[in-house]
Amino acid sequence: MNIIQGNLVGTGLKIGIVVGRFNEFITSKLLSGAEDTLIRHGVESNDIDVAWVPGAFEIPFAAKKMAETKKYDAVITLGTVIRGATTHYDYVCNEAAKGIAQAGTATGVPVIFGIVTTETIEQAIERAGTKAGNKGADCAVSAIEMANLNRSFE
């Protein structure tokens, strides 16, 4: 049996990151976690490009555009959606998730889902580097692994 898996060495990888500006006090921490983790795994800082968009709903569009350039070995998406009093949360979360998944499958470039979806602002803060770790850092590790896995299929 052959086991195919990606390693966690970022040397030589070019990574795109799309970040939603809405709830920027949280998404900026997700971005810092992602950048720090990428660099610690060997990705050069000048091989990381960041595109800011208004919010989570716009992330799939920019992620797909980045992936279509074929300049990136992986694209990380980072955003925060916090439930409010209306159904807006459900629409944004569902469409962002679908769009991010489609961006990866349509382009053949790994597109990593890093939208923090929570019931409360406290839960979002916890996932941006406090009690529950940093989702941006987790996504960076996934991006490195998937980029290397994708290379193994070429």
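Backbone N, Cα and C atoms are what each Cβ position is placed from, and that goes for glycine too.
Residues or ranges marked as 5-amino-6-(D-ribitylamino)uracil binding site in Swiss-Prot (evidence: sequence analysis): PHE22, ALA56, PHE57, GLU58, THR80, VAL81, ILE82, PHE113. Counting every protein chain shown, the number of other Cβ atoms lying within 10 Å of the Cβ of GLU58 (5-amino-6-(D-ribitylamino)uracil binding site) is 19.
The (2S)-2-hydroxy-3-oxobutyl phosphate binding site feature in Swiss-Prot is assigned to ALA85, THR86, ARG127. Taking a C-beta cut-off of under 8 Å and a sequence gap of six or more, THR86 ((2S)-2-hydroxy-3-oxobutyl phosphate binding site) has no contacts in its own chain. A coil conformation is recorded for THR86 ((2S)-2-hydroxy-3-oxobutyl phosphate binding site) in the three-state DSSP classification, outside any helix or strand.
Residues or ranges marked as active site, proton donor in Swiss-Prot: HIS88.
A separation of roughly 20 Å, to the nearest angstrom, links the Cα atoms of PHE57 (5-amino-6-(D-ribitylamino)uracil binding site) and ARG127 ((2S)-2-hydroxy-3-oxobutyl phosphate binding site).
Closest to GLU58 (5-amino-6-(D-ribitylamino)uracil binding site) in space, going by CA atoms and restricting to the recorded positions ALA85, HIS88, ARG127, is HIS88. As a whole number, the greatest separation of Cα atoms within the (2S)-2-hydroxy-3-oxobutyl phosphate-binding residue list ALA85, THR86, ARG127 is 23 Å. If you draw a 10 Å sphere around the CB of VAL81 (5-amino-6-(D-ribitylamino)uracil binding site), it holds 23 other CB atoms from the protein chains shown.
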